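Trainee: For reference, TrEMBL lists these features for the protein:
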{"type": "DOMAIN", "residues": "2-158", "note": "domain 'FAD/NAD(P)-binding'"}
{"type": "BINDING", "residues": "ALA11, GLU32, LEU40, VAL76, TRP366, GLY373, VAL374, ILE375", "note": "FAD binding site"}
{"type": "BINDING", "residues": "HIS147, GLY148, ASN149, VAL150, ARG191, ARG192, GLU203, GLY373", "note": "NADP(+) binding site"}
Amino acid sequence: PRVCVVGSGPAGFYTAQHILKHHSGARVDIYEKLPVPFGLVRFGVAPDHPEVKNVINAFTQTARLERCAYYGNVTVGRDVMVAELRQAYHAVVLSYGAEDNRVLGIPGENLSGVYSARAFVGWYNGLPENRDLKPDLSCETALILGHGNVALDIARILLSPLHLLRKTDITDGSLATLACSKVKRVWLVGRRGPLQVAFTIKELREMINLPGARPVLNPADFTGLENAIKDAPRPRKRLTELMIKTALEKPGEKMMEMQAVVAQAAVPREWGLKFQRSPQEVLPTTDGRRARGVRMALTRLEGSGDSAKAVPTGDVEELECGLVLSSIGYRSLPLDPAVPFNTQRGIIPNSSGRVEGVPGLYCSGWVKRGPTGVIITTMNDSFDTAQSVLEDLQAGVLDVSASREGFGAVESILRSRGVRPVSFSDWEKIDAAEVARGKAAGKPREKIVDPQEMLQLIGH
C-alpha cells in the first residue's frame, strides 16, 4: 500500500511512524509546503525549551527509513490537489495543522501594536511568513489576552534576561529587537477565573522562577479557592495551589533577591495574571493609528469548573498598554474544496480520523480534533488515525490490488507545474548550515528564515 501524509509536523510524522512500524509493506510519502520539516516543533516550541524538540530525532529516523520519503516545498491544494493525491495513493492522511489564528472580533484589533500570538511566536521562531513582523517593543506595558501555555511562552520571552535567550535557537533578528525592548511589565488577561486557566504547572513554575522578574498576583483573586479545589483533579489542584502560594507569599527570599536586582537596575520587570476580564475594544492613540490600551468588560462566572461561562457584568475597566498580543487559539483552514470542512469548529468532520463521506481520506492532529493539547496528545491522536488506516487495509476497505503510482504520478504533475520538491537529504544540508551558523554564535542553530535562501543553499 502507498500512503501519503500531508504536513510534516508531529501529527504527520507520528501517523507515518505508526503505519510504517505496523505494516511491513507500506510506503509513506510526507508532503510539506515549507522546504523544512517538523511544523510546530520547529516553529511553535519556545526557543528556551530545547528538550521538547528532542522528538525531532525520532522523526528524523522515520524520514530516513527506506519506505518513507519527504517532499518539502510542495503546497497541497495549489501545487497538487487532494483529488490528484487520492488517485496516486491508496490512502491520503491530512495532518496539516492549524495555520491561522482566531480573531478577537473587536474594534481596534488592526491597530499598530496589536499582534496575534501565532505571528509573534512565528517571528521569534523563524517562521518564514512572519519574518518581517517588526513588532514595536518601545512601550513599558504589554497585555497578553489568553491564559494558555503560548501566552506564558510569550511573556517569558518578553521578560527573559538576554543572556538566557542568546544561548537558544531564537532568531538573530528577534534577539536584536528584544535587546532594545522597553517592555518591563506584562499582564496576562483571561475572561474566566483562576480555576479555568489553560496553562500547565511546569510553564507557570518556570515563569514564577524567571530571574529578574517578579510575579504580581492579587490575593483577592484567590480567596476561598482552597475549598473549591478540594475535589478537583490533581493537576488542577496543584496548579491552583501554586498560584495561591505565589499570591500570598510573604516578601522573603524572593524579595531579597529582587532587591539585589533593583540595586543594579532601577526598575525590576514584573508580570501578573488578571482574571474575569473580556476585551471589548483596543483603544487608539489620538492620531488613531496605534494601540494605547484595552477596554475590558468585567465578567462573572456562570457555572463552575471547565464549563464555566464568562458573562459581562456591565462594568468596564481600561488598561494602558502599547503592545497587545492576542493568544486565544489557533485555527485550521480548509485546504481544498474537495475536502469536507466544518467552518464552525475549524476541523475536518471525521470519525477516528476517517473523513466523513470520503473513503480513503483520513486526518490527524489539530485539523482532526481542534488546536488543543501538547505533542504527546497529538502522538496518541495520530496513532489512532494510523490505526484506522491499518484496519481499513486489513479489512479490504482500501483496495490494494489496484496498484497506485504514488510519488511517480505526483512528480510528473509537479514538474508540469514548475514545482521542485525538496528531499530529506536536502533538508539535512539546510540543517547542517543552520547548525554551523549557530555554532559560530554559541547557539544550537541559527535558523534561515528566508525560503529562497534555503533553496539557493541546496542548489534549487
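Using N, Cα and C of the backbone, Cβ positions are placed for all residues, glycine too.
Automatic, uncurated: that is what TrEMBL annotation is.
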Trainee: How many neighbouring Cβ atoms, not counting its own, are there within 10 Å of the Cβ of ARG192 (NADP(+) binding site)?
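Mentor: Around the Cβ of ARG192 (NADP(+) binding site), 19 other Cβ atoms lie within 10 Å.
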Trainee: Please give the average pLDDT for the domain 'FAD/NAD(P)-binding' (2-158) in this predicted model.
Mentor: 97
Trainee: What's the CA-CA gap between ARG192 (NADP(+) binding site) and ALA11 (FAD binding site) in angstrom, rounded?
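Mentor: Roughly 30 Å, rounded to the nearest whole number.
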Trainee: Count, for each of the binding-site residues ALA11, LEU40, VAL76, VAL150, VAL374, the other C-beta atoms lying within 10 angstroms of its own C-beta, and report the residue with the smallest count.
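Mentor: Counting other Cβ atoms within 10 Å of each of the binding-site residues ALA11, LEU40, VAL76, VAL150, VAL374 gives the minimum at VAL374.
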Trainee: Using a 10 Å radius around each Cβ and all protein chains in view, which of these binding-site residues has the most neighbours: GLU32, GLU203?
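Mentor: Answer by Cβ density within 10 Å: GLU32.
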Trainee: How big is the FAD site in terms of the longest C-alpha to C-alpha distance among ALA11, GLU32, LEU40, VAL76, TRP366, GLY373, VAL374, ILE375, in angstrom?
Mentor: 25
Trainee: Indicate the candidate from GLY148, GLY373 with the smallest number of other Cβ atoms within 10 Å of its Cβ, considering only these binding-site residues.
Mentor: GLY373
Trainee: Return only the integer: C-alpha distance in Å from ARG191 (NADP(+) binding site) to ALA11 (FAD binding site).
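Mentor: Here the two Cα atoms are 30 Å apart.
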